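> Dropping a structure here in structure tokens format, bear with me for questions.
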Amino acid sequence: MNQHNTWDRLQPTLNRRFSVAPMMDCTMQPYRYFARQLSRRTLLYTEMVTTGALIHGDTPRFLRHSAAEHPLALQLGGSDADELGRCAALAEEYGFDEVNLNVGCPSDRVQNNRIGACLMGEPETVARGVAAMQARTELPVTVKSRIGIDGRESWEDLCHFIETVAAAGCRTFIIHARIAILEGLSPKQNRNVPPLQYGWVHALKERYPELEIILNGGIKTLAECQSHLETLDGVMLGREPYQNPWLLSGVDPVLFGEETPVTSRHEALRRMLPWIESELERGVFLSHITRHLMGLFHGCPGGRRFRRHLTENATRPGADLRVLEDAMAQVPEDHPALLEEPA
Ligand SMILES: Cc1cc2nc3c(=O)[nH]c(=O)nc-3n(C[C@H](O)[C@H](O)[C@H](O)COP(=O)(O)O)c2cc1C
């Protein structure tokens, strides 16, 4: 069997039924590698990378990932069609499985560069960007948006946006089910204050059954996921699987009817050790990895001691694997029967 076939057998193909949302400073390589120990099926996204950074910056550093992270999508931020096309070609060259355009992020810095949610006011610009990306790659090109922005928040505006971008060839829309208020709310408030309107996303699927519609925003449990998946094509979760990564261990059995790849939290961490060791050897600080593991024992006896041990010791000069092993020893080993989704 050649390497390609072995790879196909080991790596499930891309499926958007369940994904972890792109999150700046969070869905970096250590988190993604860790998430992959907990679920083989979850589609993972990078944090957003702007087209300017990719084209003019240290491209290999921005696109660095390991084979173990697939299926993996690259999220781009940008609005210049030519630049988006070039970056989509880079996504394919570097082996990503999907390239996604961010039309949902409301930060000021991002608005000034015409990136993110402000582009919901310029559907034609998004359509041109999508077309340019598709012209340069065979990868699926997807769009992550809101249901609207201030001033463009009617159902008609949303349908016009979806139809314009779909006409350019995009068939997958990931929709954060709240508007973004570009005037007056911080990015953090914009993730909590505008009310969630799941009904709008369900109505989009009803109106455009030929499109793949993925719901994002405020989902915390696999039971909620199952309920949305009765009518929608996929769900994307952000904060919950970052703060409580063990949720991911339920994804393969509950949402895909497959065996979980991991039977205990300790096992998940032990599987990380060789990779962490190789990262330390390349000069990465332990704390830059362990900060993404903090939520693993969320709600478990000893979980606080685990976090405290890492907070106090992982930043010390020369901190190595022993720090993590000692932190793990603060927590009683999971019983395999503790696999159900945490409350
Ligand atoms: C710390 C943080 C960083 C984020 N960065 C991005 C980003 O780079 N690109 C993006 O499309 N959305 C970003 N988001 C938004 C999430 O992808 C997601 O849409 C949002 O958190 C709602 O989902 P949730 O309620 O499941 O967390 C970010 C969210 C958080 C909390």
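Glycine residues also receive a Cβ, built from the backbone N, Cα and C atoms like all the rest.
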> Kindly point out which candidate in His56, His176, His266, His288 is recorded by TrEMBL as part of the FMN site with Pro22, Met23, Met24, Gln75, Lys144, Asn216, Gly217, Gly218, Gly238, Arg239.
His176
> For Pro22 (FMN binding site), which DSSP three-state class applies?
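Coil, per DSSP.
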> Filter the candidate list Lys188, Gly218, Arg304, Arg307 of recorded positions, keeping only entries whose CB is under 6 Å from an atom of ligand 1.
Gly218
> Nearest of the recorded sites to Met24 (FMN binding site) by CA-CA distance, picking from Lys188, Arg304, Arg307?
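If we rank Lys188, Arg304, Arg307 by Cα distance to Met24 (FMN binding site), first place goes to Lys188.
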> For the recorded positions listed here (Lys144, Lys188, Arg239, Arg304), tell me which residue's CB has the most neighbouring CB atoms inside 10 Å.
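The residue with the densest Cβ neighbourhood is Lys144.
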